[in-house]
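Read through the structure below, which is laid out as structure tokens, and then see the notes.
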């Protein structure tokens, strides 16, 4: 354990990111989001009115001072690659800054694609070694949060760790979806179980468990050794949570980093914000929260901007139709290029170029880019996928049986509508 003075911390906050490379694991399909990820990887899914999910990890890197980034892709990567090429070409090659796209290419012997999260890094080691980084920051590309990775790097150095795992308390009922750990008084991880059926509770709070966030800092040389050994282990599933972290824990080399120490938030008293948005309900709820009066995630913090690909779009427009009805919104996010004509939009998120025609009522809905809503529609508690054309007079979110028959309806009552579902519905109606 190294004790650092304030001046040392300030200096390290500048130096450590320059000695680091971030690897963003962005190849996941996100099957729990159902048809929303049929044609795009989960990190490429739209979020928050104008962003993609991966923009949060990329923005955290940029704001933390990490300007050497590798994005590891696999499933349905075209949309993701296109987004990064268009929106993240701001780095200077002359200053050794970059975002490298690392698609699965079966570089190593055999015909395997990425077998797990650790294998995704292993198969790119020939490229990663060329970065000559002292530290490797492993990130998931499908979470919504704001974090200063330089603070986590300082914690890693101060504790003398070879591996540091970001963690936060989660409700015990939700902990089955995470790696769960136990730590001692120095934050050394003394036990780690990936997605346990019966998660162990935190000492002093039986309602919560200490969960891994899938954010890791490694000494680079130590990581390379671990991955080389793991690649030769036929019994391994080649996954950080299932194999690598438990092994390091047994060797006494892993330390925990409490997320509140590096979480970036405008209100110091607020609960640290981190969302998986892995289910349709979580995705819908996290989007709508941004439209509330006091959202849990501050998207307006100029000191920690979330960047994305910016299209040249006209301002949103609210117009009065010929009948005299006004286009109105309440507690909603409305992006550029949207037109609301003689309709009411309440507690909803409208992505760019959404068109809502007259006499519609939109309530608690997430409308992705280029959605067109015909006249006299009522949409409630739903997610409408990109470029869907909602026919005139359609009602969604009011009749559970009808919604389940026509579209996908979650157990919580959130309705997902895609172009393919609408096409099939039209074919049925024409028969």
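Including glycine, each Cβ sits where the backbone N, Cα and C put it.
What Swiss-Prot says about this protein:
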BINDING   39, 419, 420, 421, 422, 423, 429, 430, 431  beta-D-fructose 1,6-bisphosphate binding site
BINDING   40, 46, 52, 130, 370, 386  AMP binding site
BINDING   114, 179, 194, 195, 212  alpha-D-glucose 1-phosphate binding site
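For the pair formed by residue 386 (AMP binding site) and residue 422 (beta-D-fructose 1,6-bisphosphate binding site), distance between Cα atoms is given as 12 Å, rounded to the nearest Å. Each of the binding-site residues 39, 195, 431 was scored by the number of other CB atoms within 10 A of its CB, and the lowest score belongs to 431.
When Cα-Cα distances from residue 422 (beta-D-fructose 1,6-bisphosphate binding site) are compared across the binding-site residues 40, 114, 179, 212, the shortest belongs to 40. Residue 212 (alpha-D-glucose 1-phosphate binding site) and residue 40 (AMP binding site) are 26 Å apart (CA-CA, integer value). Cα to Cα, residue 420 (beta-D-fructose 1,6-bisphosphate binding site) and residue 370 (AMP binding site) are separated by 15 Å. In this structure the C-alpha atoms belonging to residue 370 (AMP binding site) and residue 39 (beta-D-fructose 1,6-bisphosphate binding site) are separated by 16 Å. Considering only the residues assigned to beta-D-fructose 1,6-bisphosphate binding, 39, 419, 420, 421, 422, 423, 429, 430, 431, the longest pairwise Cα distance works out to 28 Å. With the fewest other C-beta atoms within 10 Å around its C-beta, 130 stands out among the binding-site residues 52, 130.
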